[in-house]
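Chemist: Just dropping this structure here.
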Ligand SMILES: O=C[C@H](O)[C@H](O)COP(=O)(O)O
Ligand SMILES: C=C(OP(=O)(O)O)C(=O)O
């Protein structure tokens, strides 16, 4: 039997429309946006509310130190790259990192992609100028195209429908890979095939061999391995384009409450987390587990006020704070936040995004990051939580399963000249497959030390 929603709850889902919504595209035609919203509202949800509830329970465990979140994927997914090869390589990378973390740290790892919906980006500037020509900035494939022509840069709401369909196809393949046998832990070696031999892969092979031996031993003892065949894999993206998120929000017939069914987990970005802003209001009204990015200027009072607004009933796992302070600032900026939030005794899951506070421009002009800074921020995150007695609950990273050259350093020693070889991202630099594995080994060690 379905539960009827409270009419006030349904009306509240549109209250963001009278608030300031930052980082929205300047859509040229409001009627076209309304038409697309109607079409999206009539399409099936991408996820089931019950799956979001399972994730809330998993994130609650991460908040208590009984699990660890690994959230990773592109800075910005693109329509052109929503291919089987790309999706498979990203999943393989996340599965491999998860194996390294699970084995190294003896903790269950919650696997979540910045995938199947990460098609919109907040930007520092509304415009981009090249050779004296100024056009609207690229805001992700859900909004406009990257090509630098006046026509391509005009925000087009029909792209929201494309974003929905690409997300749907991506999620379909993710579900096939993660439940159809590809993610079976007994294939742990095969996820490494096709990558060139190097230090991180050799280290991975050694771990995989140990896991294999343990599995063979348990099999010989008569253990039942059905549970190893499938893995839980959750989708997530920044809930930036409120017309899209609203249209994908549905009333759960089991409970009469609202879920944003565009993904299992949605987060609010550093640029849109104003307490009286539209994004915070909208996500306060859906029941998914949600995150908020917190940059180095966040005060403890900001964090506490966000908890009041976004998780007034103190549901464990509902609210994740994703801190992105920068390696140079985390040790001074994070303690005051963590101390006060911890002293409140209220549940929050703390996750480290070591990417967004460490962006630099290289001498040759590439937007990049140093792997050393990224790892140093993760180290600082663990140090602060250990000192305060709180729980470092996870990692949020921009990565790809491919062999790109966007982040400096790592055992391949990518330098400024090397960036030009395969710099493919349209917005922010991502760890490549090897750098991602290197990071997993180091983070497993950090967890183990605790
Ligand atoms: O991914 C994060 C932001 O969208 C990105 O850093 C903004 O980049 P910009 O400063 O190039 O606009
Ligand atoms: C824009 C992002 O991050 P932040 O809001 O932390 O800058 C992002 O994660 O894509």
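Cβ atoms here come from the backbone N, Cα and C positions, even for glycine.
These came from TrEMBL, pasted as-is:
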- 75, 356, 398, 428: Mn(2+) binding site (BINDING)
- 114, 270, 271, 293, 324: phosphoenolpyruvate binding site (BINDING)
Chemist: Using a 6 Å cut-off on Cβ distance, which of the binding-site residues 114, 293, 398 come close to any atom of ligand 2?
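Modeler: Near ligand 2, sequence order: 293.
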Chemist: Give the number of CB atoms, excluding that of residue 356 (Mn(2+) binding site) itself, located within 10 Å of its CB.
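Modeler: There are 21 such Cβ atoms around residue 356 (Mn(2+) binding site).
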Chemist: Is any of 270, 324, 398 (binding-site residues) within Cβ reach of ligand 1, i.e. under 6 A, and which?
Modeler: none
Chemist: Take the Cβ of residue 398 (Mn(2+) binding site) and count every other Cβ within 10 Å, whichever protein chain it belongs to.
Modeler: 26
Chemist: Given the binding-site residues 114, 271, 324, which lie close to residue 356 (Mn(2+) binding site), meaning Cα to Cα within 10 A?
Modeler: 324
Chemist: What span in Å does the phosphoenolpyruvate site cover, taken as the longest CA to CA distance among 114, 270, 271, 293, 324?
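Modeler: Largest pairwise Cα separation, rounded: 18 Å.
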Chemist: Would you mind sorting out which of 114, 270, 324 (the binding-site residues) have a C-alpha within 10 A of the one on residue 398 (Mn(2+) binding site)?
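Modeler: Cα within 10 Å of residue 398 (Mn(2+) binding site): 114.
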Chemist: Would you mind reading off the Cα separation of residue 75 (Mn(2+) binding site) from residue 114 (phosphoenolpyruvate binding site), to the nearest angstrom?
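Modeler: If we compare the Cα positions of residue 75 (Mn(2+) binding site) and residue 114 (phosphoenolpyruvate binding site), the gap is 8 Å.
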Chemist: What are the sequence-distant neighbours of residue 293 (phosphoenolpyruvate binding site), meaning same chain, six or more residues apart, C-beta distance under 8 angstroms?
Modeler: 267, 268, 269, 270, 273, 322, 323, 324, 353, 356
